[in-house]
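In what follows, a structure is listed as structure tokens, so that the remarks can point back to it.
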Amino acid sequence: MNLACYNYNIKEFEYMRVYFDNAASTQTAKSVVDIMKKTMEEDYANPSAKHIMGIEAENYYKDAAQTVAETMKVNPKEIVFTSGGTESNNMALIGAAQAYKRSGKHIITSSIEHASVYEPLAYLKEEGFEISVLKTDGLGHIDLEELKDCIRKDTILVSIMLVNNEVGAVEPADEISGIIKKANPKIIFHADAIQAYGKYKIYPKKKGIDLLSASGHKLHGPKGVGFLYVNENIRLKPIVFGGGQQRGLRSGTINTPGIAAMGEAARSAYTDFDSKIKKITDIKDYIIDNIKDLEGVKVNSQKGLLSAPHVLSITVQGIKSEVLLHAFEAKNIYFSSGSACSSNHPRVSKTLKAIGLSDEEAFSTIRLSFSEYNTVSEADYFLRNFNELIPLLKKFK
Amino acid sequence: MKYTSFLIKYGEIGVKGKNRYKFEDALMKQIRIALKPLSCDFRVSRELGRIYVDADDDCYDDEDVIDALCRVFGIVAVCPVVRIESKDFENLKKAVIEYFDRAYPDKAVSFKVDTKRADKSYEKTSEQLNALLGEAILETFCETRVDVHKPDVLIKVEIRNHINIYSLSLPGPGGMPVGTNGKAMLLLSGGIDSPVAGYMIAKRGVKIEAVYFHAPPYTSERAKIKVIELARTMARYTGVINLNIINFTDIQLYIYEKCPHDELTIIMRRYMMKIAQQIAKTNGDLALITGESVGQVASQTVHSLAVTDNVCEMPVFRPLIGFDKQEIITVAQKIGTFETSIEPYEDCCTIFVAKHPVTKPQLEKILESEKKLSEKIDDLIKSAVDTKERILCSAK
């Protein structure tokens, strides 16, 4: 290898830009930007105002609630818009725990949840709730038998994510809710669907999901908006207090631009749905099929729809994921090391540990995540660089 | 009430004999530069061994002025002054009370009024003024008391063409004005030490330039942004810093490939010094500055420092050489670089580090190892220097 001619220079931008970090955030769709712009430049009144301008602004909110509700075949009144996935998860967990604590103080969750689930649960633990954490197998699936055994008389809430953000494992929501409701129909099932909404058709009423969190910027919406589906039979204690907007569940001036954008993003995601998902899945499968069988390279996600269509976790033993990230960045290819939201803290990802990776493997794991805007030729470009860079980087460890 | 004038005290410059005016000029220049971002008209003038900063209009916040002045090297103290044009006694009394009220929020202090009357035609004598103004303060703030021998607070009133009232003396950074002592090249890493080293040398009047060794993909773009942040924070004291960014990856990998791994760090540092020196010579810098402190890490033992020093043909300033880590941190916190320095991005000294690097390297052995690099190293250095990126980091 001639080192001198291999110059890592961040400014080599002569190649295409390949954004494979869509599970962290996505490019905002043009139609989404358009509707946001309109709500800011033209229909900017407070949606709670009594005048006609207020009513016009309120229509965006109503339309968005309607659109989102339709994608899940639920009632628009069951949608609460929030500031994003984190708030949705906080509202669901803290709101339900506070509302039902008289029936019991036991909550069940899994070991591969996002921080916005396990941190509120850690808070509830301090408040006197008892939290049981379910283990997962090497693919990230929870053990249903363990779930059965875990349910107690005082269990009030089960929170399991639908799609894991780091490896793309898909949890069996139907079976989970079957088990829960058979044991005690009063137990609430919360599903963190932040990586699932827009990638799967999710019908909470059919699946027995009582609370479901989603986020706008994972499906070409903007950051700062999300929603929580709250089944009409569930009452939550609010966690934000104020002017009583959104039926008192989520006070604060209705975020017209964000909510209109969320509605548009949802509408767009579920239009031509099957062909979009096929496109994303094809990219993932293409990489899995064509990644060179290099020593120490291990794919942690499954092909097709066995795991999430858009998430591909790869361990490259012997190379720190951060070094991989920067080496590909120089080639204008972008993805995450570990879990994007906490990658500033050099701690081992809980999820990667849970699926049985060693510390060293976890620090050498990258996550590619795709969207409908990606193409197979981008995947090719990634593969070409991967097959070239890995042996080179392995030399220096 | 607003401070309208600032009396600048400078220590060391005062003893510079015939060169004194040069230092005063440099200090006045630095004061003007420091006040420029406030975009307001200030007059900087020299009068009887004092430098005054006078505000000509009203568009400034006097706290900002004090803040800016207290970062100018060469200033020992800043006295905020209230200047009144009208010499009417009632007006003077009112101003003295307002000054006292603002300057001393805690009124339980002893004080003395010290009047100097340059304008002898003034209707009252200094003694009368001392008594009358002291009485006024006592009556207004009943917690205060007078102490003519050892007062906590000495209120100075100067009767000239106008009247100055001052008492507070806020400490400046000391040292000498930047630009009075040549130019030097700082090896800036992103850690805690090097910004402090740069600060300390700049404080002695040296203009600072910096070099940073970037090693993508092993160090991230964020590490580079962090170094730029540090340079900009330092620039609040040192003035604009010309930051040279060297892509060091190929050199580092080449050393890694050819030399024993326990010597990697020491050899790497020798090449960093060489490159820094080369740029320094081109730019007219007369010395190098590093943040090294004896024994802090393997590459900073006396043996290692001697081996590193061996490649240097110009003086290397190591102002932290005898400092403990905590002492360095204290200065870093004071100048505001600490928070940025502890951001967790790796710099190129922490990658490929051997588990047990040599702590007592022998020069002969290192020179022997470096011979293995002879084939390409000169080309790699040339290309690294030729492709350097230059960023002018101004105060933020």
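In case you wondered, yes, glycine gets a Cβ from its N, Cα and C as well.
The ATP binding site annotation in TrEMBL covers B:Leu187, B:Leu188, B:Tyr212, B:Phe213, B:Arg269, B:Gly291, B:Gln300. On its own chain, B:Tyr212 (ATP binding site) has B:Leu188, B:Ser189, B:Gly190, B:Lys224, B:Val227, B:Leu243, B:Asn244, B:Ile245, B:Ile246 as residues at least 6 apart in sequence with a Cβ closer than 8 Å to its own Cβ.
Per TrEMBL, domain 'THUMP' is recorded for B:63-172.
In three-state terms derived from DSSP, B:Gly291 (ATP binding site) belongs to neither a helical nor a strand segment and is classed as coil. All protein chains shown were included, and the count of other CB atoms within 10 Å of the CB of B:Leu188 (ATP binding site) stands at 32. Summarised by DSSP class, the composition of the domain 'THUMP' (B:63-172) is 37 helix, 31 strand, 42 coil. Neighbour density for B:Phe213 (ATP binding site): within 10 A of its CB lie 28 other CB atoms from the protein chains shown. Whole-number maximum of the Cα to Cα distances across the ATP-binding residues B:Leu187, B:Leu188, B:Tyr212, B:Phe213, B:Arg269, B:Gly291, B:Gln300: 18 angstrom. Following the DSSP three-state reduction, the secondary structure of B:Gln300 (ATP binding site) is helix. B:Arg269 (ATP binding site) falls within a helical segment according to DSSP. Looking only at the domain 'THUMP' (B:63-172), the predicted model's pLDDT averages out at 92.
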